[in-house]
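Annotated features in Swiss-Prot:
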type	residues	note
TOPO_DOM	1-36	topological domain 'Cytoplasmic'
TRANSMEM	37-57	transmembrane segment
TOPO_DOM	58-503	topological domain 'Lumenal'
CARBOHYD	ASN89	N-linked glycosylation site
DISULFID	CYS92-CYS248	disulfide bond
CARBOHYD	ASN148	N-linked glycosylation site
CARBOHYD	ASN169	N-linked glycosylation site
CARBOHYD	ASN247	N-linked glycosylation site
CARBOHYD	ASN279	N-linked glycosylation site
DISULFID	CYS377-CYS501	disulfide bond
CARBOHYD	ASN415	N-linked glycosylation site
CARBOHYD	ASN425	N-linked glycosylation site
CARBOHYD	ASN442	N-linked glycosylation site
Amino acid sequence: MDKKKEHPEMRIPLQTAVEVSDWPCSTSHDPHSGLGMVLGMLAVLGLSSVTLILFLWQGATSFTSHRMFPEEVPSWSWETLKGDAEQQNNSCQLILVESIPEDLPFAAGSPTAQPLAQAWLQLLDTARESVHIASYYWSLTGLDIGVNDSSSRQGEALLQKFQQLLLRNISVVVATHSPTLAKTSTDLQVLAAHGAQIRQVPMKQLTGGVLHSKFWVVDGRHIYVGSANMDWRSLTQVKELGAIIYNCSNLAQDLEKTFQTYWVLGTPQAVLPKTWPRNFSSHINRFHPLRGPFDGVPTTAYFSASPPSLCPHGRTRDLDAVLGVMEGARQFIYVSVMEYFPTTRFTHHARYWPVLDNALRAAALNKGVHVRLLVSCWFNTDPTMFAYLRSLQAFSNPSAGISVDVKVFIVPVGNHSNIPFSRVNHSKFMVTDKTAYVGTSNWSEDYFSHTAGVGLIVSQKTPRAQPGATTVQEQLRQLFERDWSSHYAMDLDRQVPSQDCVW
């Protein structure tokens, strides 16, 4: 493996330090902050809507001279989801899913989530009309990277599954980042040849970041969201964590609105609107979450988004969601994330950004919350991260009731050194005694201010009538503690082989 190569998640384009406008999102400061924006929007829409539409789109489009992408006539109104999703009764069911890399065994009897490869195929089996996917890039075959390895078979089976859906006239719609990182992959060309609709979103030109989201909306009823890319390595060589929600049209159609922000920006000459039209607005957010039973368990849930410029009115900003989860904790905050930097990561000159770092310290000091941070270390780790991790660890003072612990999780390379950009814990989640957060972003400023991502925030209470029911935050806590107590999680003073981790 060439140490000078960069992992796809680290190849986010350099950004200039641009101030982000105050977009009409739900913020942690004022639950009614969008009201004035809505009134102003109503006054302006009559004069500006025609101009805005003409500026955003100039006719039907095809992205390449080979006409890989079907021509479409864009519209501010998103594509209507097929079927009768709005009429379906919600009987929401949430399932945690994960990928455990090959040759990464845990102790017998350890808690597990449903295997991601199996869960994705089962989710696609439910599709009757449409599958909408927001993705960073696609690389589902070993040939994409010149690797002949049996561990690529699950990704190849997934690609075949998508082709089968298209042959059954099930719509497959993909919004992905442009330019793609998987430059030798033919996955999207293959799907387009079978009738998939694909748009590439030049996110760097629009927000200064990338389209880093990883979620699916199936039939306007079912959802996947999590850390896994559309990459065969995410199924067998990289540790991932996500969630699938079945039969939850209210949440699914709310997440669909975020998908549609990407979709409309994937047209030629698209620009970010100063104010998103009302049909992109959300009424499900931090201050007004969806409330109802998930498998009989009382649940609140909502989606957040980043960056602020992709938050129409009512959408909670991802950073505000993360801070809100921390603020609500009373006993513990456990975080598992690939990278942790209290700085910018992709600007020409790094800028200090202590927002999340301060929030963890404040929770530990002010409320006596037990903080645990599990960060990944692998062959492509930037070793400057460890100074920040040691600084946070040094804040711990058990005699004063301040508990902050930091470990690194290392996936041994073993005999898999022939597979580049693998063998890493890629999860991005947080769990407290009150709430579970499953996201798509690493923790540095750029992911929240410039890069497109989403978060799922869920809180459950065990009903008295179901004393044996396990809340999603309890399930996620068990998975975190399994990882934390395993021999793959190491204290910051440990020495490890450089093949597995650049310390």
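Residue numbers in this text run from 1 along the chain shown.
Here the Cβ of each residue, glycine as well, is placed from N, Cα and C on the backbone.
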ASN442 (N-linked glycosylation site) to ASN247 (N-linked glycosylation site) - Cα separation in whole Å: 29
Spatial neighbours of ASN247 (N-linked glycosylation site), counting only the recorded positions ASN169, ASN279, CYS377, ASN425 and Cα distances within 10 Å: none
Spatially closest candidate among CYS92, ASN148, CYS377, ASN415, ASN425, the listed recorded positions, to ASN279 (N-linked glycosylation site) (Cα to Cα): CYS92
Cα separation, CYS92 (disulfide bond) to CYS501 (disulfide bond) (Å, whole number): 40
Chain-internal residues, separated by at least six, CB under 8 A from ASN425 (N-linked glycosylation site): VAL238, LYS239, SER336, MET338, LEU374, SER376, PHE409, VAL411, ASP483
Distant-in-sequence Cβ neighbours of CYS92 (disulfide bond), under 8 Å, six or more positions away: ILE245, TYR246, ASN247, CYS248, LEU251, GLY292, PRO293, PHE294, ASP295, THR299, ALA301
Glycosylation sites (ASN247, ASN415), the one with most neighbouring Cβ atoms at 10 Å: ASN247
Spatially closest candidate among ASN169, CYS377, ASN415, the listed recorded positions, to ASN148 (N-linked glycosylation site) (Cα to Cα): ASN415
Alpha-carbon distance [ASN415 (N-linked glycosylation site); ASN169 (N-linked glycosylation site)] in Å: 42
Pairwise Cα distance for CYS377 (disulfide bond)/ASN415 (N-linked glycosylation site) [Å, integer]: 18
Densest Cβ neighbourhood among ASN148, ASN169, ASN279, ASN442 (glycosylation sites), 10 Å radius: ASN442
DSSP-derived structure type at ASN425 (N-linked glycosylation site), helix or strand or else coil: strand
Secondary structure of CYS377 (disulfide bond) (DSSP, helix/strand/coil): coil
